[in-house]
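A.B. asks: Pasting a structure here, questions to come.
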Amino acid sequence: MFVKLLRSVAIGLIVGAILLAVMPSLRKINPIAVPQFDSTDETPASYNFAVRRAAPAVVNVYNRSMNSTAHNQLEIRTLGSGVIMDQRGYIITNKHVINDADQIIVALQDGRVFEALLVGSDSLTDLAVLKINATGGLPTIPINTKRTPHIGDVVLAIGNPYNLGQTITQGIISATGRIGLNPTGRQNFLQTDASINHGNSGGALVNSLGELMGINTLSFDKSNDGETPEGLGFAIPFQLATKIMDKLIRDGRVIRGYIGIGGREIAPLHAQQGSGMDPIQGIVVNEVTPNGPAALAGIQVNDLIISVNNKPAVSALETMDQVAEIRPGSVIPVVVMRDDKQLTFQVTVQEYPASN
């Protein structure tokens, strides 16, 4: 055994000597160059610029109510966040943050504290507008009306979770146009995986430039099977939030048009066809409110609405949003297909019953 080992070693040495004689370049060992990195010359990826632009305009909101068991003392009932929208002192928050409040306190990040006036609130969008009377300038949230949120955009959620103090969480826009999360709601939610916890409601969802993208409003605490989902937060798009704010400031409430129908849209390939006509896209009526505007005009369940107020009826939500912008009392044409016949009804728009 030992002799075999010596023989193997000797053969290896002989082969190595031959290779070195034939290929002298093998004698040179080139050292591996290790790149030198001076960390002082590089800037780490950061969203500090966005935070510095937006965070001062995000405030803490405290809902205080009387506690009859504590000698009618005011105690904090709920807490949330809000966003200062302009120098006049108007602040957007969620309605559920200030529900049943006897007093609303707003705390700014610079240490100033104000008692806020409730300008108005809207149940369908879960939005409320507050006003503070501040001397001196106020930080306001940057808004770029030309900016449209897109899936994949980096976003930061700013708020006061669990009253820990202002906190920033980061994620992306996971989806846009989410509907059906609130059965009576009118929101087209932005979905994000940025953490939105208790106390973040009413805070700001901003992009990497610090521009307002939405108002944080809810997250899923538990699914139907008891699991706690992660990365499911939702925000109301800033376009809708600012529109509701303007209406609340102007009227003290949101006045919406209403024609009293419910329906679902159908794709052209599945639509009814009239004799010699191309497929028709529209909204199938599945509910007509008794004595509502549509019922009084003659519209029935199973009618196929193809246009409302001279605009094609493509999406049920979009059509209802268009009707909501029409002043109550206006008369609008609604075109439907019924039994392969096209009918036009004149519908008098009423005010949505839950506008107050």
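Using the three backbone atoms N, Cα and C, a Cβ is placed for every residue, glycine included.
The transmembrane segment annotation in Swiss-Prot covers 5-27 and rests on sequence analysis. The active site, charge relay system feature in Swiss-Prot is assigned to H96, D126, S201; the stated evidence is similarity to another entry. Per Swiss-Prot, domain 'PDZ' is recorded for 256-341, and the stated evidence type is sequence analysis.
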A.B. asks: With every protein chain in view, how many other Cβ atoms are within 10 Å of the Cβ of S201 (active site, charge relay system)?
C.D. replies: 27
A.B. asks: List, in sequence order, the same-chain residues at least six positions removed whose CB sits under 8 Å from that of H96 (active site, charge relay system)?
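C.D. replies: H96 (active site, charge relay system) has long-range Cβ partners T78, G80, D126, S201.
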A.B. asks: Tell me the coarse DSSP state (helix, strand, coil) of H96 (active site, charge relay system).
C.D. replies: helix
A.B. asks: Tell me the Cβ neighbour count for D126 (active site, charge relay system), meaning other Cβ atoms within 10 Å of its Cβ, over all protein chains shown.
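C.D. replies: Excluding its own Cβ, D126 (active site, charge relay system) sees 25 Cβ atoms within 10 Å.
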A.B. asks: From the DSSP assignment alone, can you count helix, strand and coil residues within the domain 'PDZ' (256-341)?
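C.D. replies: Helix, strand, coil within the domain 'PDZ' (256-341): 17 helix, 31 strand, 38 coil.
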A.B. asks: Give, as a single whole number between 0 and 100, the mean pLDDT over the domain 'PDZ' (256-341).
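C.D. replies: Averaging the confidence scores along the domain 'PDZ' (256-341) gives 85.
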